[in-house]
Amino acid sequence: MLYWLTALSDGGDFFNLFRYITFRAGGAFLTALIFGFVFGKPLINVLRKRQGKGQPIRDDGPEAHLAKVGTPTMGGLLIVGALLFSTLMWARWDNPFVWLVLFVTMSFGLIGFADDYAKVSKQNTSGVSGKVRLLLGFVIAIVAALWASWNHPAELQNQLAMPVFKDVLLNLGYLYVPFCICVIVGAANAVNLTDGLDGLAIMPVMIAAGTLGIIAYAVGRVDFSEYLDVHYVPGTGEILIFTSALFGGGLGFLWYNAPPAAVFMGDTGSLALGGALGAIAISTKHELVLAIVGGLFVVEALSVIIQVLYFKRTGRRVFLMAPIHHHYEKKGWAEPTIVIRFWIISLILAMIGLATLKVR
C-alpha cells in the first residue's frame, strides 16, 4: 500500500525510498515485529480465557509434556495477523505473487484454525478429520499451482529448475502442476508435524523463509539472475517483503513461544506457514531448493511415514516415537537441547540452499 507514496516523489526525496524492495522489506520486518510485541500478550490473555484448559495434550506422549497442560493454542493468529497486516502495508498490491502467497497462507491458516477450534472445543487431539484437511489442502494447492503457472514466463511454464546444474530445466509437462500441488500440501503438513516442542517449528520456518526470500529477490532481478546464472522470474522480488514480515512476526511470536511456551502456534500457524513456504517455492521455481532449506521438515515428515509403514508391515517401530523430535525426547534429550540443535541444522541447510545459487 505504501508503495503508492512513490507517486508523490520527484525522484530525490523521502518518498522515493518506497520504490526500493529492500527498504520496504525492512519496514515490513519492523512492522510485523512491533505488531507481535504489541498484540502478543493481549491475544494470549484472550486465548487463555476462551480456551480454559488450553490445547489437549496426548496421553501417550513424552511425560514432560504433561507440564504443558493449560497452555493455550491458536497462537498462529499472531503470526498470520502480523504477516497479513505488514505485507498489505508494504508490498505492491498489483503483484500476483504477493496475492498468491497470501492466499495460500490465509487459506491453510483457516484449515488450521478450524482444526484447533475443534480440538479445544472437544478437548481431544482429534480435531478435524485428516481426510477433510487433506482434501481442502489439495483444493487450495490446485488453485495456487495454476495461479503460479499462469504468471510465470511462457518459457518457464511446466519447467522444473535443477539446482547446482547450469541452465538445466526439466520439462514436466502436464505433471508440473500436480508436482506443485504436492509441494504445497507436503510443506504445510511437514511443518505441522514439526511443531511439537516449544520454539521448534518457528525458527526453522523463519530461516527457510528468509532464505527463500533472498532467492526470490535474486531471481526477480534481471541483473542478479544473469550474474548468478539462474532463471529470471519477473515480479518475485516482492516476495522478499512477505518473507521479511514473516521473519518479524515469527520473532514476535517466539518471544512468547520460547520455553516454557506461553502459547502454542497450533495448526493455525503451522499449516499457514508451511503452505507459505510451498507457495514461495513454486512462485520462484525453486521447489527442489525448498527440500534443502526445509530439510528438517522433510526429515520430520519422513520419520512419520517410515514409522507408520514399518509398523503396519512388521508390528514393530523404527523410532521410539514419531515425529523424530519425540524419539530424542524418549532417549532422554532435554527439550531445549533438541530445539537448539534442530535450529543449528536448519541454519546449515539454509547455507547449503543459498550456495546452490552460485555453485553452477
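Each Cβ is built from the backbone N, Cα and C atoms, and glycine gets one as well.
Annotated in Swiss-Prot:
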- 27-47: transmembrane segment (TRANSMEM)
- 69-89: transmembrane segment (TRANSMEM)
- 93-113: transmembrane segment (TRANSMEM)
- 134-154: transmembrane segment (TRANSMEM)
- 168-188: transmembrane segment (TRANSMEM)
- 199-219: transmembrane segment (TRANSMEM)
- 239-259: transmembrane segment (TRANSMEM)
- 262-282: transmembrane segment (TRANSMEM)
- 288-308: transmembrane segment (TRANSMEM)
- 337-357: transmembrane segment (TRANSMEM)
Would the transmembrane segment (134-154) count as touching the transmembrane segment (239-259), if touching means at least three Cβ pairs under 8 Å and pairs must be 6 or more apart in sequence?
no
Sequence-distant residues near the transmembrane segment (69-89) by C-beta distance (under 8 Å, 6 or more away from its ends) are 1-2, 27-29, 31-33, 35-36, 39-40, 43-44, 47-48, 50-51, 53-55, 57, 98, 102, 105-106, 109, 112-113, 116-117, 119-120, 202, 241-242, 245-246, 248-250, 252-253, 256-257, 261-270, 272-273
Chain residues outside the transmembrane segment (288-308) and at least six past its termini with a C-beta under 8 angstroms from it
160-163, 183, 186-187, 189-191, 193-194, 204, 207-208, 211-212, 215, 274, 277-278, 280-281, 317-319, 322-325, 327, 342, 345-346, 349-350, 352-354, 356
Out of 93-113, 168-188, 199-219, 262-282, 337-357, which stretch touches the transmembrane segment (27-47) the most, going by CB pairs under 8 Å?
262-282
Give me the stretch from 93-113, 168-188, 239-259, 262-282, 337-357 with the greatest number of Cβ pairs under 8 Å to the transmembrane segment (199-219).
239-259
What else in the chain is close to the transmembrane segment (168-188), if you only count residues 6 or more beyond its ends and a Cβ gap under 8 Å?
104, 108, 134, 137-138, 140-142, 144-146, 148-149, 156-162, 231, 270-271, 274-275, 277-279, 281-282, 287, 290, 294, 297, 301
